[in-house]
Amino acid sequence: MSLAAKITVLGAGSYGTALAICLARNGHKTLLWGRDDNHVAAMEQDRENNKYLADCPFPENLALEADLEKAVQASDNLLVVVPSHAFADMLKQIKPMLTENAKIAWATKGLDPQTGDLLQNVARTVLGDRVSLAVLSGPTFAKEMASGLPTAISLSSEDDEFVAELSDLLHCEKRFRVYSNKDFIGVQLGGAVKNVIAIAAGIADGIGFGANARTALITRGLAEMTRLGLALNAEPATFMGMAGLGDLVLTCTDNQSRNRRFGLALGQGKEVEQAITDIGQVVEGYRNTKEVYMLAQRHDVEMPIVEQVYQVLYRGKDAKLAAADLLSRDKKFE
């Protein structure tokens, strides 16, 4: 049977749209699914996503679809780009719709909101062992990707053939470089932890602490990420790559990051709910903080930055007090 698309992207937010544009721009027939009929109709009419990614026109070979079953059955290659709290439900919905040779990748950054599990464990629980899985993660702002600015990303899977196929679909010598990484656990973990550290960096800047404090948070945040990774049998080198240090630096230092802007607002005195409302899109780090905190507690891993962000978001702790408590911790070797 001839399939309608080379790859289907599930999720028409800013990031899913940007990835769909990149895939289509590489010459592949790409289908982008969105859950809102009116939003999909507007994108079809405007040939761009004015709601989440304005001024980034769609290539001609990028098609739109609001019917989930049609979207899933249009291709063997599926790329899931939904918020982490919607990931399990999305997989449950599409499971009975999958083609015989379906393979699933995701660019969702986070953990399971109920258990703190890695998304690969969620996927295996829902889908079993038949479907090949892969994850994309790295320092990638949607607007820059969609605009064709140079970008690099990490891609990991336990299926080498799937990695090769996805890499070929995404890689573009002039603007999009894909690095393969065999550390499936580490690549997933980096994308979740960096969101929490970015909130901390934003809080510090919102308070007015300056570049020294921001750099210290990035450095110690990387140490926390690596400690948790080691407890989960990830490779330490992964956290010095695109999915670790790369994504961490990007998200902590640039205001395109919603997590950083969220932290800035908290540091400037806004309440959690108001800060999220003002941003107007999903702030993954809000949920990621609870998920990473749960995972660290389960594995008895010390993560003081994550713990203080958790106290601010979920226990009502004042951001300035949290910062003071971090600074007043006992002296220790690096």
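Just so it is clear, glycine is given a Cβ too, placed from its N, Cα and C backbone atoms.
Here is what Swiss-Prot records for this protein:
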- Ser14, Tyr15, Arg35, Lys109, Ala142, Arg258, Val282, Glu284: NADPH binding site (BINDING)
- Lys109, Gly138, Thr140, Lys194, Asp247, Ser257, Arg258, Asn259: sn-glycerol 3-phosphate binding site (BINDING)
- Lys194: active site, proton acceptor (ACT_SITE)
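Features as recorded by Swiss-Prot, highlighted on the structure.
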residue	record	DSSP class
Ser14	NADPH binding site	helix
Lys109	NADPH binding site	coil
Thr140	sn-glycerol 3-phosphate binding site	coil
Asp247	sn-glycerol 3-phosphate binding site	helix
Ser257	sn-glycerol 3-phosphate binding site	coil
Val282	NADPH binding site	coil
Check your understanding: Out of Lys109, Lys194, which has the highest number of nearby Cβ atoms, where nearby means within 10 Å of its Cβ, if these are the binding-site residues?
Key -> Lys194
Practice item. Could you measure between Thr140 (sn-glycerol 3-phosphate binding site) and Tyr15 (NADPH binding site) for me? Cα positions, answer in whole angstrom. Key: 9
Review point. Rounded to the nearest angstrom, how far is the Cα of Ala142 (NADPH binding site) from the Cα of Ser257 (sn-glycerol 3-phosphate binding site)?
Key: 10
Point to revise | Largest separation between Cα atoms (Å) of residues that the record links to NADPH, namely Ser14, Tyr15, Arg35, Lys109, Ala142, Arg258, Val282, Glu284 | key: 22
Review point. What subset of the binding-site residues Gly138, Asp247, Asn259 lies within 10 angstroms of Glu284 (NADPH binding site) at the C-alpha level?
Key: Asn259
Exercise for review: Using DSSP reduced to three states, classify Lys194 (sn-glycerol 3-phosphate binding site) as helix, strand or coil.
Suggested key: helix
Study note, to complete from the structure: Tyr15 (NADPH binding site) sits from Lys194 (sn-glycerol 3-phosphate binding site) (Cα to Cα, rounded, in Å) at a distance of 17
Check your understanding: For the binding-site residues Arg35, Arg258, which one has the sparsest Cβ surroundings, going by other Cβ atoms within 10 Å?
Key -> Arg35
Check your understanding: Which residues in the same chain, at least 6 apart in sequence, have a Cβ under 8 Å from the Cβ of Ser14 (NADPH binding site)?
Key -> Asn49, Tyr52, Leu53, Ala142, Lys143, Gln281
Exercise for review: Please tell me which one of the binding-site residues listed here (Gly138, Asp247, Asn259) sits closest to Val282 (NADPH binding site), measuring Cα to Cα?
Suggested key: Asn259
Check your understanding: Which one of these binding-site residues has the most other Cβ atoms within 10 Å of its own Cβ: Asp247, Glu284?
Key -> Asp247
Review point. Rounded to the nearest angstrom, how far is the Cα of Lys109 (NADPH binding site) from the Cα of Gly138 (sn-glycerol 3-phosphate binding site)?
Key: 10
Practice item. Check each residue in the chain of Asn259 (sn-glycerol 3-phosphate binding site) that is at least six apart in sequence and keep those whose C-beta is under 8 Å from its C-beta; list them in sequence order. Key: Asn195, Val196, Ala198, Ile199, Gly202, Thr251, Val283, Glu284, Gly285
**Study point:** Among Lys109, Gly138, Thr140, Lys194, Asp247, Ser257, Arg258, Asn259, the record's sn-glycerol 3-phosphate binders - longest CA distance, Å
**Key:** 15
